[in-house]
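Comments concern the structure below.
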Amino acid sequence: MPAVKLPMRYGHPEGHTDVCFDDRASCLVTCGSDGDIRIWESLDDDPRSVNVGEKAYSFALKNGKVVTALNNNAIQLHTYPDGDPDGILTRFTTHANHVVFNGDGTKIAAGSGDFLVKVVNVEDSSQQKTMRGHEAPVLSVSFDPKDVYVASASCDGSVRVWNIAYQSCEANLPLLQKCNDVVNAKSICRLEWQPKAGKLLAVPVDKAIHLYERDSWKSSLTLSDDFITQPVNVVTWSPCGHYLIGGSIDGCIVVWNVATKACIERIKHEKGYTICALAWHPALPQVAYTDTEGNLGLLQNVCHAEGKSTVPKVPSPATKDYDALFDGDEEDFLNGDMIDHQGSAGIEDDDDDEPLMPVSVRGRQRGLLDDDNDSSLDVPSLKPGDTEKPDGDDKSSLLSIVPQKISYDGPKPTLPQKPFQAGSTPSHLMHRFMMWNSVGVIRCYNDEQDNAIDVEFHDTSIHHALHLTNTLNHTIADLSQEAVLLACESTAELSSKLQCLHFSSWDTNKEWMVDMPPGEDIEAVCLGQGWVACATSALLIRVFSVGGVQREILSLLGPVVCMAAHGDQLMVVYHRGTGFDGDQCLGVQLLELGTKKRQVLHGDPLPVSRKSFLMWLGFTAEGSPCYVDSEGILRMLNRSLGNLWTPVCNTREHCKGKSDHYWVVGVHENPQQLRCIPCKGARFPPTLPRPAVAILPFKLPYCQTATEKGQMEEQYWRSVLFTGHFDYLSKNGYEHDENAKADAEKEQQELLMKMFALSCKLEREFRCVELADLMTQNVMNLAIKYASRSKRLILAQRLSEMALEKAAELESDQLEEEEDFRSRLNAGYSRTDSEWGNPQAKQVMQEQDEEMKEQDEQHEPEKPRKAVNPFSSVSSPEQPPAEPGKVVFSNKSRVNPFQVSGSQKSPAIPGSSSGSARFLDSLNKFSRKPATSGNLAASKSDSIVIKPLAPKAKSKQGQTSLFQSLPLKPIFKKSEVKEKSLSSSQPVEPDAGESKKPKTGFQLWLDENRPSILLENPDFDDSEIIKDGMSRFRNLTNEERTLWIEKAKGGSSGENMVDLKKRKQPEQENRQLNGNQTSEDPDDEFRAAKKCKPLNQATNKLSAFAFKKD
């Protein structure tokens, strides 16, 4: 009996309309272009409507969930039958054309007009697989029943089969007619896999249906009929997988028996409208269909006669036993279908895909069909005589499948991540960002109207916007304040090219281009300061100057993933090996390509989150390496902790939905800002409208951050981490904000003091001591006072001991640093052991360190071993040394029992009873000693200032001495220079970094010859310049050295007189109290005034550590 066609019902407005049965197969569900979902309990009753959007292009229903492809480019999830929104699974840059569920409803596959196919996990939409390769919009998608493959048809004329796990194309079948959009396609090509085993893939091709075998992807058979006169639009399988139904664009519906290739049903649409959807009832011989006018129809008794006719093929006892498993006459359709398939020779049984259980399962099934062989249930194998011919085919099929089954059950390898450019969107998009960083934005437009590149700068003072014609199809780009860097892949005719537009060049030729060797493609590029680099498929890093000069060529340790540059730093991430269980195995190299080339990270493993991949790589604005993985974790290099990576932000904590992400464009340490673009339902932003940049705060993943203690701990260590770049910048000669560093250190000490007070309240005194160990000297004094006032005398006593120990350690460290500095300066000047061991020589060296000026005046060239001390001009240029070769005993006016000079090689005076006073006095002297032009490096090492709490000076005399001991401010330097220029009879242009002390002959010679030394040795720092200048000054003749010394004496007399007049009477009285005799030399009076302070300060410093009992 032929199929019965029921009258059609109007369901939706004109447009594409989808149809399916619900999970219980009790209702029909349709979705039209009007965005409504209608639930039909029968065609005679009115449906119930639920609106899901303004316009819907496709929908699917499974496990009580409805997924729709809407006009807002999103794949939206709703509940069934209520239709409540349940989140956005994913987004595309254009609307999706088709969406389907997999067999168990845990995943969806969607194909869109931006050439992408996505597979998304329904429960966790962040788990997505993206298939790229189509060159035109995707028409339809279909899930493999085993969830191994997904098939897609596209307007580019191809049908592709994708491996979901590896996101790779397994087969590319050029079957369809090409077109540029879905509306121009003759057929929407709704392809579908055979149910259960998925052995065949049915593809509508023109007026026929092609069936392709699994794994081999070869065409096994073609189904066609003369009844079909127009291209087939949609196909679908029967639930048993033995029948195939197709609908054409002229309203023809045809059903085939796949085994016999026979056409068993032919139905014509009553008005000839295009069939756009077909759905087979899970249990009954019914097929629902819709047309492009929004009408719904139903066919009954489809293949019913075919099923009945096949029943006699099976012995009657078997038929009885098989039918006993079901209730109702209506299910005879499925019974007959399944039995007929057992007797068909053209199609294999579905059990063939289960090669590990053929004996027991097949034995039980055959026991139902063969009552004569009762032992078939117990015998482990079947005899050839007990099986029918189709079973023999199954056995041979089993033998062919078993050797191909993978027996390895361990961790499975992960597909390696492909190379990408940080700050860019996928290259397959027609409108995309090629680069978005802190300098500007590069957009690429590749459509029918235009193929161009636009460059826009955030700061237009750097350069005006650029519009470039993309004739070479560049896909990779980078942008800096010097140049624009572009790269393209190789083609059959052209090689891969690197193009640089050096817009900051001062000449007229601002563009250059380099061709890569044949077979070598550029995969990543980056721009540094004065250089560019590219990583190629030949596992090479090619470095060029920004002007186009080829520099270093480096070998990569593995396939490149991403590159980034900042200043002289180059960071490369590559594949160290094969990852397993979804994890990537990445490595990172950090190189410095400046004047001092070195490797900082030697291919260390790059830590990423579990089952994630790299999303962004770059540097902070201050030069610290950082990166973001697909889980939204931002990690930054902690240079103070052995170059390890520290997580500083989790962008997923700020996302509202599971499918939302943040696209990072820049990181700043001062202020602490993460600049990124929010992407709703996608990982990348669209180019239009222009996305807005959001700022996220940093937060280290410390425990119990909801408590006050946890918050302060997180703030403190985050401040410590984000101020580490100051040390790196100063070490490498970069400019940095000293005020910002001071503010950060102040904030850290305030947090320590707050945590100290909190620990005191909680009676955690041991924790208080741990916190005090992180404090500076000043804050530790406050902690001592706080502990004493809180009646915690034991804690205060321990802190006082810690303060003294820390002061002693600081003093010894500074002495060692100065000794190391002297040894470096004296690398080319040595003395014999006997000479250094001579007590007379030791005393002479001690006096030379204190009195360098007198050494210049009384210099005797005939005694070179005891001539100019190379340390004198660096350590203490204002102190005149003793005459070489003569033992000089210091007079009473120059002895200070509380003073420990950091510039002397000999230890402090033994037997002194004021040990703690000497510690504090010497530390204060080092911290407040003004830096001279000859001791720049030493002043850097003595930058730590320790200021114990001391009472304010009440007398005018104390204020004067304090003023003289502090470092001079720039405003005083300017006034001092002005007074010197007015009062000096032989004016000498002063240096901005000098103090009021007169210059020695060597210093004047060095100031005049410093440019020539730098010209010959541009890489020298200050210490190397001084060392080289000393050696040159020693090589001068006696007359030349004497001339420079006399010149220094003549130029400093006027200045000394001015200084002498400025001194006040209290200073002279203070000098007399300290036992200093009046000297005719003004310098002696000045030095005496400078030496009068330590006695008073020592008392103040000792009193700072005292505490009172209340």
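Placed from the backbone N, Cα and C atoms, the Cβ positions cover glycine too.
Computed from a predicted structure; not experimentally measured.
Record features, source TrEMBL:
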REPEAT    9-41  repeat 'WD'
REPEAT    131-164  repeat 'WD'
REPEAT    232-266  repeat 'WD'
COMPBIAS  385-396  compositional bias 'Basic and acidic residues'
COMPBIAS  829-841  compositional bias 'Polar residues'
COMPBIAS  855-865  compositional bias 'Basic and acidic residues'
COMPBIAS  890-905  compositional bias 'Polar residues'
DNA_BIND  995-1072  DNA-binding region
DOMAIN    995-1072  domain 'HMG box'
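Listed as Cβ neighbours of the repeat 'WD' (9-41) (distance under 8 Å, sequence separation of 6 or more from its ends, same chain) are residues 47-64, 66, 68, 70-71, 78, 80-81, 83, 188, 276-279, 281-284, 288-298.
This prediction places the mean pLDDT of the repeat 'WD' (131-164) at 92. Counting residues of the repeat 'WD' (232-266) by DSSP class, helix then strand then coil, yields 0 helix, 23 strand, 12 coil. Across the repeat 'WD' (131-164), the DSSP tally of helix, strand and coil residues reads 0 helix, 19 strand, 15 coil.
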